[in-house]
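S.K.: Structure incoming, see below.
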Amino acid sequence: MLLLWILSLFLETVAGGEVCFDRLGCFSDNKPWAGTSERPRKGLPWDPSAINVRFLLYTNENPNNYQRITADSSVIRSSDFKTDRKTRFIIHGFIDKGEENWLADLCKALFQVESVNCICVDWRGGSRTLYSQASQNIQVVGAEVAYLINFLQSQLDYPPSSVHIIGHSLGSHAAGEAGRRTNGAIGRITGLDPAEPYFQYTPEIVRLDPSDAQFVDVIHTDGNPIIPNLGFGMSQTVGHLDFFPNGGLQMPGCQKNILSQIVDIDGIWEGTRDFAACNHLRSYKYYIDSITNPKGFAGFSCDSYSSFSSNKCFPCATGECPQMGHYADKFPGKTKENFQNFYLNTGDKSNFSRWRYRIAVTLSGQKVTGHVLVSLFGDAGNTKQYEIYRGSLKPGNNHSNEIDSDVDVGDLQKVKFIWYNNVINITLPKVGASRITVTRSDGRVFDFCSQDTVREEVLLTLQPC
């Protein structure tokens, strides 16, 4: 897959002019679709019969075996499609197919939390070609999705506002095309690492943008430039809410050695895909995990990932942060303005969710050189020990750090403190924490106190003050 990405960016496509198709209208290779610095290659989308877009319906009633539906009332009525439910389309990207495991896995995760029509859009006939051609074919894919949405509205009185399109890579821009063709009436579009080549910094008509739906949210996971870093995703903000997990460039767990990635737990094919495009694929894996972890992907408003990593963007500005992924639409300020940027950290493997806490420690006892660690205990769970500070430990000094826990502890009940000496000290000094303050991402503060001190490697439990 990696080789196809690289080669197809540099191979010429055949110039066309304009082509028209029944039902879908006309397509042009004039500017801005081609002949620009961002899209230098001329080319037209293929005939719909060649792309062969198929709609594969999964529902709570048929979670394991899809039903193929078309823009035909009798076909839809004989299926398990329900007009009183939301409909979520999933559109794959370059080289992929609608029957790939991750699309069905996303549907099955949805069925755990809601009753929904989940439609996997298969366009392998147009995705398994040169990238330059596939980037044109997504216009037809988007047009086909829009045609079905318009059909559902006109024939079954099904509102576009109940539609959510989830697109990965090129599928994000196909979703944008569907949104443009339905005049922004679609309820929501989620872009999962929208493809960069031929789309970044193009006019809005060409790519995904906030006007394509009532709400557009985007997850960026592979934003390095395609040349020379082989980053496949956009760094440009293109939604109402744009999330940059781990900075949006390099994802934890994507730097394993070649053998460990190819011999993946999910099989050789999935491992090979991860080796070729691990960062790019993380976007849909984060989304899938977010479905069953509604509070585990809080994004923090910040100027940059550097500021976020420097602990300058905590807690949530209004007491509530948007959740990256499935529940992004629950954020009250989701459409107050375009291009709102949010940052967060994730784990290096599933479950990717993390909960961020600020821990401030006021030291007591003797002056030594060492490092201190704190663990949290709450009514929902406990964390491991996290290092808060390393250096000169002076009584009365306050040190703070922010941690990303793989456990949501809930309401805190106690904390435990431990310290380690960096050098051998025969005087057996004692150090403690007179106060430890823990702040959750929602701004709630928990204070814990102790008058005790302990020797190195001895746990000290602090209770609420």
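Placement of Cβ uses the backbone N, Cα and C atoms for every residue, glycine included.
The signal peptide annotation in Swiss-Prot covers 1-16. Among the features that Swiss-Prot reports, disulfide bond is placed at Cys20-Cys26, Cys107-Cys118, Cys254-Cys278, Cys302-Cys313, Cys316-Cys321, Cys449-Cys465, with the record citing sequence analysis. For Ser169, the entry in Swiss-Prot reads active site, nucleophile. The annotation active site, charge relay system is assigned in Swiss-Prot to Asp193, His280. Taken from Swiss-Prot, the feature Ca(2+) binding site applies to Glu204, Arg207, Asp209, Asp212. Summarising the annotation, Swiss-Prot assigns N-linked glycosylation site to Asn351, Asn398, Asn425. What Swiss-Prot records for 355-465 is domain 'PLAT'.
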S.K.: When the Cα of Asp193 (active site, charge relay system) is compared with the Cα of each of the recorded positions Cys20, Cys313, Asn351, Asn425, Cys449, which one is closest?
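M.R.: Closest recorded candidate to Asp193 (active site, charge relay system) by Cα: Asn351.
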S.K.: Neighbourhood of the Ca(2+) site (Glu204, Arg207, Asp209, Asp212): other residues with Cβ within 8 Å of the Cβ centroid, in order?
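M.R.: Here the nearby residues are Gly176, Gly179, Arg180, Ile205, Val206, Leu208, Pro210, Ser211, Val238.
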S.K.: Rounded to an integer, what is the Cα-Cα distance in Å between Cys449 (disulfide bond) and Cys107 (disulfide bond)?
M.R.: 47
S.K.: From the DSSP assignment alone, can you count helix, strand and coil residues within the domain 'PLAT' (355-465)?
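M.R.: For that range the per-state counts are 0 helix, 70 strand, 41 coil.
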S.K.: If I take the alpha carbons of Cys313 (disulfide bond) and Cys321 (disulfide bond), what is the distance between them in whole Å?
M.R.: 11
S.K.: Using the alpha carbons only, what distance in Å do you get between Cys107 (disulfide bond) and Cys26 (disulfide bond) once rounded?
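M.R.: Rounded to the nearest whole number, the Cα-Cα distance is 33 Å.
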S.K.: Could you say which of the recorded positions Ser169, Asn351, Asn398 has its Cβ with the most other Cβ atoms inside 10 Å?
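M.R.: Sorting the candidates by Cβ neighbours within 10 Å, the top entry is Ser169.
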S.K.: When you measure from the Cβ of Cys107 (disulfide bond), how many other Cβ atoms are you left with inside 10 Å?
M.R.: 25
S.K.: Counting other Cβ atoms within 10 Å of each residue's Cβ, which of the recorded positions Asp193, Glu204, Asp209, Asp212 comes out lowest?
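M.R.: Per-residue Cβ counts within 10 Å for the recorded positions Asp193, Glu204, Asp209, Asp212 bottom out at Glu204.
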S.K.: Identify which of the recorded positions Arg207, His280 has its Cβ surrounded by the largest number of other Cβ atoms within 10 Å, counting every protein chain shown.
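M.R.: Output for this query is His280.
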S.K.: When DSSP is mapped onto helix/strand/coil, what comes out for Cys107 (disulfide bond)?
M.R.: helix
S.K.: Looking at the recorded positions Arg207, Asp209, Cys302, Cys321, Asn351, Asn398, which ones sit with their CA no more than 10 Å from the CA of His280 (active site, charge relay system)?
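M.R.: So far as Cα distances go, none of the recorded positions lies within 10 Å of His280 (active site, charge relay system).
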S.K.: Looking only at Cys302, Cys465, the disulfide-bonded residues on record, which one has the least crowded Cβ, with the fewest other Cβ atoms within 10 Å?
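M.R.: Each of the disulfide-bonded residues Cys302, Cys465 was scored; lowest Cβ tally within 10 Å is Cys465.
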